[in-house]
Amino acid sequence: MGVSSENGCHVEEEPVCTGSDTSEKTRDQSETLLRKENSNGAVETRVVEDPRSSEGNAGSILFRWKHDRLYRKKFILTLAYIASFLTLGWVEGQFGPSFPDLLVVSRTSLERGSLFFTMGTVGYLLGSLLTGYLFDKRVMDRNLIMFLAVIGYGAVIAVIPWCGLYEAMVIIHVVKGAFGGGLDTCGNAGLVVTWGREGDAFFSALHFSFAFGGILSPLAAAPYVMSLDAVDKTEPTIMSPVSNFTNSTLNTTKFINITNLTEESQPDITSFIYIPYTMTAGLCVLTSLPFLVFCCMSLQSKLEKAKSDNEDADSDRKSHSRLRIVGFINMVVYIAVYVAVENTFAGFLTTFAVNELKWTNSQGSYITSGHWAAFATGRFLGIFLVRCFSPAKMIFTFNFMLLISLLGFLMTSLYEIIFGVWIFTMLTGFSMSVIFPTVFMWTEQRFLRVTGKIASIFLVSASVGFMVNPIFLGTLMETFTPMWFCYLLFGETVALFFLYFLGLHISRKIPQSPTGLPVQELTVLNPEREVEGIS
């Protein structure tokens, strides 16, 4: 393809093929011949490595960073997305440890305070749907949507510690959930729109940052959250699983000893929870600023102009539309079942350990922390694994590992093999780590382009799985035996396997694009000035 520069030079890009052998041609397609004809008619040629080459990935990133201004802006925008998801994980990870303080601040009981979780989920669903609509309709700049979501999130977090009325606390959690759902939806869809199929590693980094934020925030809040152990120790203790949902990646779960929280006993307790909440609000403000800058720079219009030539490359998506929709529906069901397994395992792990294995609360907390450590480790490794394996292979591998891990957890729990329970708990956390973001990648590659609406549908489906499964499992464990914790999760993992193979069968009936590569920006280095083109 030819690109003309402002100084009259003509630049052409041709693939360099030095042999007739197919493998040799494939290898040489990773290079591009740049031919420049100056005003005197002289032709200069230059060979550079195509950034899409699978070899020398780090080198290609460095090349594009040096010579492609649009790529640099996209990369910096990606860092802003990653920082915003670290903030999202930070907020959600902070909620569990601070829950007793919120009960004291709002002068309410545990039973009434549980409504905070429900209303937060309702707000999350509403925020996801609204943001998905705004994202696709382009009513406003997408970076402006992200800025408003993050800055609004911070404002709500700053207000929460001062909501002394129970009704105000309930309403503020609806608003908090709405901003969180909006941030979650816009972040997932925005990163996919920015990079397309070449953004797998960035997408994995996005979800790792969420998990990392969820691990750090309880540590930061620990010096300021209150201990309720000293409050009326003679009263019965209620074991309450406190968990929160956000994009099915990390739900910080704490089992809190809550003793007779009444309006009479609370005035003697002073909460300092406003300190970590204020710090979190400041973090939200800082991470929102890059999106405001990019909005002022009109980066979205530049990205859309660069992607305008991609429409022809995506024309094949219009064919076999029924198969693509069926495949997408299958993945929506898959994500709902997966989130049900992930959140239920973390949320009920300590309860299962205490009631079935007769562990102490501390032992249950330790194994839950170990589970999340393995989960975060898997998320980090996923950043590099997506460069080596296709999304379909990664989903199969980690799904199979999850099946084996839960089977091992079931058997070791049945025979009370403590060491085995620890090992398979860690393996379960690791096996769950990359499935959620990889489903987004696979959907983008084989079924439907991930837009704001698609992302919101995924997240709403995930929320449904999160809300329904704990109720069902709690009934089974209370009515029959705590071992239903193992039976149900193992059965749902088997269902995940069937859903995966159904999705794989559908994807194979959909023809793949000839190149299998997304259209990308490629900058040609001109000694006199930069000439940017879309290859």
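Keep in mind that glycine also has a Cβ here, set from the backbone N, Cα and C atoms.
Marked as region 'Disordered' by TrEMBL: 1-54.
According to TrEMBL, the feature compositional bias 'Basic and acidic residues' maps to 22-38.
Distant neighbours of the transmembrane segment (75-95): 65, 143, 146, 150, 153, 157, 180, 183-184, 187, 190-191, 194-195, 199, 202, 205-207, 209-218, 220-221, 242, 244, 246-247, 249-252, 276-277, 280, 283-284, 287-288, 290-291, 294, 299; these residues of the same chain sit at least 6 beyond its ends, with a Cβ under 8 Å from one of its Cβ atoms. Annotated transmembrane segment per TrEMBL: 75-95 (among others), in sequence order.
TrEMBL lists 115-135 (among others) with the feature transmembrane segment. Sequence-distant contacts of the transmembrane segment (115-135) (same chain, at least 6 residues past either end, Cβ-Cβ under 8 Å): 99, 102, 142, 145, 149, 169-171, 173-182, 184-186, 189-190, 242-246, 451-457, 459-460, 463, 466-467.
If you look up TrEMBL, you'll see 144-162 (among others) marked as transmembrane segment.
Here TrEMBL flags 168-193 (among others) as transmembrane segment.
Long-range contacts of the transmembrane segment (205-226) within its own chain (CB-CB distance under 8 A, at least 6 residues past either end) are made by residues 78, 81-83, 85-94, 96-98, 100-101, 104, 187-188, 191, 246-247, 249-252, 254, 269, 271-273, 275-276, 279-280, 372-373, 375-376, 379-380, 382-383, 433, 436-437. Look at TrEMBL and you will find 205-226 (among others) tagged as transmembrane segment.
According to TrEMBL, the feature transmembrane segment maps to 274-299 (among others).
Residues annotated as transmembrane segment in TrEMBL: 325-349 (among others). Only residues 6 or more beyond the boundaries of the transmembrane segment (325-349), in the same chain, are considered here, and those with a CB under 8 A from a CB of the stretch are 241, 243, 245, 248, 251, 253, 364, 367-368, 371-372, 402, 425, 428, 432, 435-436, 439, 442-443, 446-448, 454, 457-458, 461-466, 468-470, 473-474, 477, 485, 488-489, 492-493, 495-496, 499-500, 502-503, 506-507, 510.
If you look up TrEMBL, you'll see 369-389 (among others) marked as transmembrane segment.
Note on the transmembrane segment (396-415): residues 341, 352, 356-357, 378, 389, 421, 423-425, 427-428, 430-435, 438, 483, 486-487, 489-490, 493-494, 496-497, 500, 504 of its chain, located 6 or more positions outside it, place their CB under 8 angstroms from a CB of the stretch. What TrEMBL lists as transmembrane segment is 396-415 (among others).
Annotated transmembrane segment per TrEMBL: 421-442 (among others), in sequence order. Within the chain carrying the transmembrane segment (421-442), a Cβ under 8 angstroms from the stretch's Cβ atoms is held by residues 188, 192, 197, 200, 203-204, 206-207, 211, 247-249, 331, 334-335, 338-339, 341-342, 345, 349, 353, 357, 367, 370-379, 381-382, 385-386, 391-392, 394-395, 398-399, 401-402, 404-406, 408-409, 412-413, 450, 455, 458, 462, 503, 507, all 6 or more beyond its ends.
Under the heading transmembrane segment, TrEMBL lists 454-476 (among others).
Long-range contacts of the transmembrane segment (482-502) within the same chain: residues 330, 333-334, 337-338, 340-341, 344-345, 348, 351-352, 355-356, 395-396, 399-400, 402-403, 406-407, 409-410, 413-414, 469, 472-473, 476, each at least 6 residues beyond the stretch ends and with a Cβ under 8 Å from a Cβ of the stretch. What TrEMBL records for 482-502 (among others) is transmembrane segment.
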Beyond a gap of at least 6 residues from its ends, the CB atoms lying under 8 Å from the transmembrane segment (274-299) belong to 73, 76-77, 79-80, 83-84, 86-87, 90-91, 94, 98, 141, 143-144, 146-147, 150-151, 153-155, 157-158, 160-162, 217, 220-221, 224-225
Taking 144-162, 168-193, 369-389 as candidates, which has the most Cβ pairs under 8 Å with the transmembrane segment (454-476)? 168-193
